[in-house]
Number of protein chains: 2
Amino acid sequence: MQWYFIATLLTTLTSSQGILTTLSQSDGGYSYDYATVPFLAELFKLLVSICLLWKEWQSPIPPRMTTDWKVVRLFPIPSIIYLIHNNVQFATLTYVDTSTYQIMGNLKIVTTAILFRLFLKRKLSNLQWMAIILLAIGTTTSQVKGCGDASCNSFFSAPIQGYMFGIVSACLSALAGVYTEFLLKKNNDSLYWQNVQLYTFGAIFNMSRLILDDFRVGFERGPSWQHLFNGYTASTWFVVLNLGSSGLLVSWLLKYADNIVKVYSTSMAMLLTMVLSVFLFNFKPTVQLFLGIVICMMSLHMYFAPAHMLVDLPVTSREIVESIHDEVSVDRKVEA
Amino acid sequence: MQWYFIATLLTTLTSSQGILTTLSQSDGGYSYDYATVPFLAELFKLLVSICLLWKEWQSPIPPRMTTDWKVVRLFPIPSIIYLIHNNVQFATLTYVDTSTYQIMGNLKIVTTAILFRLFLKRKLSNLQWMAIILLAIGTTTSQVKGCGDASCNSFFSAPIQGYMFGIVSACLSALAGVYTEFLLKKNNDSLYWQNVQLYTFGAIFNMSRLILDDFRVGFERGPSWQHLFNGYTASTWFVVLNLGSSGLLVSWLLKYADNIVKVYSTSMAMLLTMVLSVFLFNFKPTVQLFLGIVICMMSLHMYFAPAHMLVDLPVTSREIVESIHDEVSVDRKVEA
């Protein structure tokens, strides 16, 4: 299985997530409790991973599984980072409007690359750094509000705390991804065993959140487990399955490819969602969406294309090599 | 004299051109006839070139000057192309609004590169092609109208003729530049002699235009030469000198560098003008201006930076070369 096949699949699923979520709304709102969706998605991922792990057990070579507490205790950390991240996101939104918030979200592309370099010690060429910055620029460009769009405030007018929280949020989001990659690549354990650990903690943290919310509203709607599926329709279930499947693909990519591939997949998905929205929901296409797509395509090519496809470098060095080879073979012929 | 010094100077002059033109206006309009400016600028360039040519004559090695009619007759062609271009520009503006017109103007960056490749047979690497497209995207991004800017129509709503004329206009503009480069590099003639020929025809064509305009309005303001300097202020003279000087620099760049360098200079100038306008005329800075500047800077680096600064390619080929060199020297030592 090639990573770009998985990456393309992730792009498709992530972009349909936006579309499905919109379709699952009725009269502009949710008929169900949206907080239940990530919890059920974690459960789905956990179930799938248990099944796959069980299947691996049946095979002649049983899966590698480290059960040492020193390793297992690392697995709740991503969930903890996401928990902090959620609260920082909430804090950010009290200072900035949603369009500034959305634009700042692209910062995580750059912070991911930085932490990828610092934390995982992975080197990027200058061109790849430029590609990363262009990807962030491209996604931002596509989100710039259009002509006559009165419902937006200026990007430069938010209080400084808003930008600070935005930067912290981008760092936490990047940290969660980079840390998970570190965890999955740390040893040769079966991915499904690693997933079981990740999603067990994920499910616990998500459940705690639902219960905490119950306490916060004083159980006025009764406990969560009683209205878990309230208002669920077929499209809500699709949202859950889709979110769960994307999560499994992300986990695969982080183990066998890396965070940068994941970032490209999800960024492309965002653009695809915008293009699909033009057709499905009659959104007005903007020049900036078109520009953003071209920029991101360039970035993709710059990052992943082999160097010889980009620059005409090798000719001279190859010529040197060939000329020396010629010399050598002539020398040897003479000797022979 | 290095070409990047001249290119930087051209950027400075071109960007101050926009500022000076705005400063030369009074009450939002021109107190002088703007059509006289290019004519006087041509005269200025002609005078400067004659002086420099005369200085070259005094030197021990007289300048190379081809006076064969077969060569001289090629020099009015750029002026003719510009004349057609002006009329196509005018036609374009009857179909599209000014902001669409401005955005389509960036197409000439790409058409210049295409004609540069086809007409002058100059090869560009894939990365350089991408840099060119990014430059066009970057300048376009910076021009996208901002939030709540009601004074703009959608880019996609102009009639098809508008886009066709826009493309023809971009091709003609590119053709003029590429043809002039071809002309200046065709032989080793003194640049000043080539300039004298170019600007003589330029001055004639501009003068004809003024006289034609006189006929068009039925000499209601009297002949042009009588009100040539009407309403001229010190800043108008600066506009003339500035336009003339930029023209001389462009000519130098086309002879000793190329059209792509010129395109980068003038694109950077456009961005510089927008940044200066923020400070000088209290224009509101937009996110898209910031994004456009970053994109253009990336493009500049991608186009001009040496390949080894961009990709980590040479290590292996260099290693091969070195290892072979080692072998060869070992062989020779043994022989010795």
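Positions of Cβ are set from backbone N, Cα and C atoms, glycine also.
The annotation signal peptide is assigned in TrEMBL to B:1-18. Sequence annotations record features per position, and here TrEMBL assigns transmembrane segment to B:74-95, B:101-120, B:127-144, B:164-184, B:196-212, B:232-254, B:261-281, B:287-305.
The stretch in closest packing with the transmembrane segment (B:232-254), judged by the count of Cβ pairs under 8 Å and taken from B:101-120, B:127-144, B:164-184, is B:164-184.
Remote same-chain residues near the transmembrane segment (B:196-212) are listed as 35-36, 38-39, 42-43, 45-46, 49-50, 53, 72, 75-76, 78-80, 82-83, 180, 183, 223-224, 251 (criterion: CB distance under 8 Å, separation of at least six residues from the stretch ends). In this chain, the transmembrane segment (B:164-184) lies in contact with the transmembrane segment (B:101-120); the count of Cβ pairs under 8 Å, excluding pairs fewer than 6 apart in sequence, is at least 3. If you look at the transmembrane segment (B:127-144), the same-chain residues 6 or more away from its ends with a CB under 8 A from one of its CBs are 99, 102-103, 106-107, 109-110, 113, 260, 263-264, 267, 270-271, 274, 286, 288-289, 291-296, 298-300, 302-303, 307, 310.
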